[in-house]
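Read the structure below first, then the notes.
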Amino acid sequence: MESLVEVQRGAAAIKEQFLTTKEKFHEFLASGRLRQSTDEADGDSEEPSGEPEQKRVRLDSDGDKKKKKRGQNKSRPHVKPQSYEDRRLCPSIVQERDTKCFYGEKCRFLHDVSEYMSTKAADLSDQCYLFNSFGWCQYGVTCRFAKAHTSPELKNLRNQDLCRRSTDTVRNLLDKELQRRLRKKQERFPGAEAYLKTVSRGEKPASNQEENLSGAGHTQVSSEDKLYLAPLTTCGNLPFRRVCKRFGADITCGEMAMCTNLLQGQTSEWALLKRHASEDLFGVQLEGCFPDTMTRCAELLNQNIDVDFVDINSGCPIDLVYKKGGGCGLMTRTSKFEQIVKGMNSVLDVPLTVKIRTGVQQNCSIAHKLITEMKKWGVSLITLHGRSREQRYTKSADWEYIDTCSKLATPVPLFGNGDILSYEDAMKARETGVSGIMVARGALIKPWLFTEIKENRHWDISSGERLDILRDFTNYGLEHWGSDTQGVEKTRSFLLEWLSFLCRYIPVGLLERVPQKINERPPFYMGRDYMESLMASQHVDDWIQISEMLLGPVPKNFSFLPKHKANAYK
């Protein structure tokens, strides 16, 4: 009997009874949606919500018209954040302030609650995660779960006992007065200015930070077998880091933040520095290419936020960063790199770490030369991704080279990064001389990887358990981005970005050969239930369907294009 599918080179080995064709896979998903819509039509207990119907799922015949693309989704249009409400309620009304509206007569927001409620989208549930967790919801009547905490008079209710027990869970918020000074360029950086004067005189000052990670007065960032969740642009947000902490991540780091944007007081950039209470060992990662801005930014953060370390991004491969000399570009600008490291060290009270790649070109590794220099500059920890900029995320990470570099780095701890998707991968990595392991894409594909590594086992996690993880993420997202319409849709967009990676996971029970490798492409397969099959889909429309199970129907004007294509295999 012939196999249903001819498994192509580079595809994961799945048990034959689960393999299927592209046509049958999408036909199965479509039949499930049809049954769901029929069941909803038969039930008349719920009133119409006024929300649009679910989007038609693009079938395989539609997908054949376009050639598949790989890698970063550079062609997606860059548009302003979408507004999902025609008229929004004034913040002074939402927060039930006694004072007059801040904007006065020029206010463009609604001040009539009844008028707002007449156009507000239907509530998604009668339970509000924020109200149940903290005793009140700051979004009041604009909350998409407002029926849980509003009176018949549309007043926001409080659970006083729960309010008294709740504490602030997020730190590193941007102070309004500090933001004003930054925007007006009134903030002073005496430590940075003193260092930059020595540079301008042609001197080469040594770092004043004599203690490394093992020294007194500093949080110990490095110890044997620590699992470090990599700083991940877009997907490495605070709600996702909370999920990974629950599964056993030891060290977390905020998303890459541009030092120039932080110095300008940009709210969106400062949001990347937020730290949740569960992140007991937390750092922030800075990107920059000049000693003056990086040193000033380091002094700014040292005085105003709570972190255990600061990391320099010298591994980002994207053109926008590289071409101006940042990211991987720093690896070839050693003089500037040295000035940046020593300048930041001179103003920081916490350890300074660096993340690098093997080099810029694929067959021309330079990390080993740079590591010996960085030891002299005062770097406290080095993380090495075993690929060059040219490779991006293709080919296999070079762990033999990582091993060589770890020996050169001694006594400075070196963490290895690349291709970790199972506890076997982690065990092989630990056979090298690395001090710890950084996990990046592996955590996006299966955040329970940290548990697998710590317990030395494969977790054949069910689709229900995976859906619960997504539900936790959406709750954390509503807490972080808001439970009003804007917050719900922002949570949805980040959930969809994550789903573009999660769909690459192949359940352990379906694999012919365990474990799955990170660069193996999943062939079309049927899961053990409908949800497991749906989670295997690489179509955006199916990801949207999953989001609607957790966050309700998408708005009429909703659109989504992932920043990274889910089929980026090579």
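Placed from the backbone N, Cα and C atoms, the Cβ positions cover glycine too.
The range from 127-152, 257-282 that TrEMBL describes as zinc finger is residues 127-152. According to TrEMBL, the feature zinc finger maps to residues 84-114, out of the candidate ranges 84-114, 363-393, 394-424, 518-548. The average pLDDT computed over the domain 'C3H1-type' (84-114) stands at 87.
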